[in-house]
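Everything below concerns the one structure shown next.
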Amino acid sequence: MVGHAATDVPPTMAVKIFSAGVAACVADIITFPLDTAKVRLQIQGECLTSSAFRYKGVLGTIITLAKTEGPVKLYSGLPAGLQRQISFASLRIGLYDTVQEFFTTGKEASLGSKISAGLTTGGVAVFIGQPTEVVKVRLQAQSHLHGPKPRYTGTYNAYRIIATTEGLTGLWKGTTPNLTRNVIINCTELVTYDLMKEALVKNKLLADDVPCHFVSAVVAGFCTTVLSSPVDVVKTRFVNSSPGQYTSVPNCAMMMLTREGPSAFFKGFVPSFLRLGSWNIIMFVCFEQLKRELMKSRQAMDCAT
């Protein structure tokens, strides 16, 4: 990411990867209930049993889940979520600057090099982290009160059952929509954040510090949610589906369109934005500060020796 103060030491690749992983895990822990609410809203419409609860809005979904299934249910799938951030966010965010430098031919990084870096790191991270995404979504989606009997008792039980009943390919189910979603998210999120931060710093509107990171993260979160929401909903439905429910990703999208209309593609938009916006703020602020502090500590240790 652009901008280092004169006294700052540019962070190493290892520092960036570590900082991205830690910052993403912190953000996930804080915002996970919003993500669970988003998943429940996105799959609403699939379960047509009379006993199924109807979720209304973000707060209503969170309250309903807490009352009917217990507050702990809001964090169902968190271990898989943290595994996902360690394997996924650490790479897509931590490697972004390094890959961007690879695509940069001139003195300054162009928009094309930023987009290429976002495409590359996002794509690589999806293939590595997809099994954690499948398990996370399925644990968040299953209810103990209505619909089909819960398929999994926990994170590692889910990995085992999916691998034994659906094969290893089951752990990579939904890779295509998730790849599309995360290419959009990675490019929009990182490129928008990078451009916004660069504009604020270069025009001397804000210094390269917490307020600048906060504003840049909010703008990046909104733009990302608008562009990624339709793909995100299809991805969630397809990943959570039972074997044979949908024949393909396009079939899933078409069934959503014919049964529920175009608005189905924006189900859970508000929790998506609240989650992604707040996640971006926490992650980027922690990421930037952690990078800076780690390099200061390293510099102090080098001076001491």
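Numbers here mean position along the shown chain, with the first residue as 1.
Every residue gets a Cβ built from N, Cα and C, even glycine.
Now, the feature entries from Swiss-Prot:
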- 1-10: topological domain 'Mitochondrial intermembrane' (TOPO_DOM)
- 11-102: repeat 'Solcar 1' (REPEAT)
- 11-32: transmembrane segment (TRANSMEM)
- 33-73: topological domain 'Mitochondrial matrix' (TOPO_DOM)
- K56, K267: fatty acid 16:0 binding site (BINDING)
- 74-96: transmembrane segment (TRANSMEM)
- 97-114: topological domain 'Mitochondrial intermembrane' (TOPO_DOM)
- 115-131: transmembrane segment (TRANSMEM)
- 132-176: topological domain 'Mitochondrial matrix' (TOPO_DOM)
- 177-193: transmembrane segment (TRANSMEM)
- 194-210: topological domain 'Mitochondrial intermembrane' (TOPO_DOM)
- 208-293: repeat 'Solcar 3' (REPEAT)
- 211-230: transmembrane segment (TRANSMEM)
- 231-264: topological domain 'Mitochondrial matrix' (TOPO_DOM)
- C252: cysteine sulfenic acid (-SOH) (MOD_RES)
- 265-287: transmembrane segment (TRANSMEM)
- 288-305: topological domain 'Mitochondrial intermembrane' (TOPO_DOM)
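Distribution of Swiss-Prot features across the structure.
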{"residue": "K56", "record": "fatty acid 16:0 binding site", "Cβ neighbours (10 Å)": "12"}
{"residue": "C252", "record": "cysteine sulfenic acid (-SOH)", "Cβ neighbours (10 Å)": "22"}
{"residue": "K267", "record": "fatty acid 16:0 binding site", "Cβ neighbours (10 Å)": "25"}
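Contact between the transmembrane segment (11-32) and the transmembrane segment (265-287) holds: at least three of their C-beta pairs are under 8 Å, each pair 6 or more apart in sequence. Among 74-96, 115-131, 211-230, 265-287, 115-131 has the largest number of CB pairs under 8 A with the transmembrane segment (177-193).
Under DSSP, K56 (fatty acid 16:0 binding site) is assigned to coil, being neither helix nor strand in the three-state scheme. Distance from the CA of C252 (cysteine sulfenic acid (-SOH)) to the CA of K56 (fatty acid 16:0 binding site) is 23 Å.
Spacing of K267 (fatty acid 16:0 binding site) relative to C252 (cysteine sulfenic acid (-SOH)) is 15 Å (Cα to Cα, whole number). Within its own chain, the topological domain 'Mitochondrial intermembrane' (97-114) is flanked in space by residues 1, 13, 16, 120-121, 190-191, 194-195, which lie at least six positions past its ends and keep a Cβ under 8 Å from the stretch.
Distant neighbours of the topological domain 'Mitochondrial matrix' (132-176): 35-36, 39-40, 43, 47, 49, 51-53, 68-69, 73, 76-77, 79-81, 83-84, 87-88, 126, 235-236, 238-240, 242-243, 249; these residues of the same chain sit at least 6 beyond its ends, with a Cβ under 8 Å from one of its Cβ atoms.
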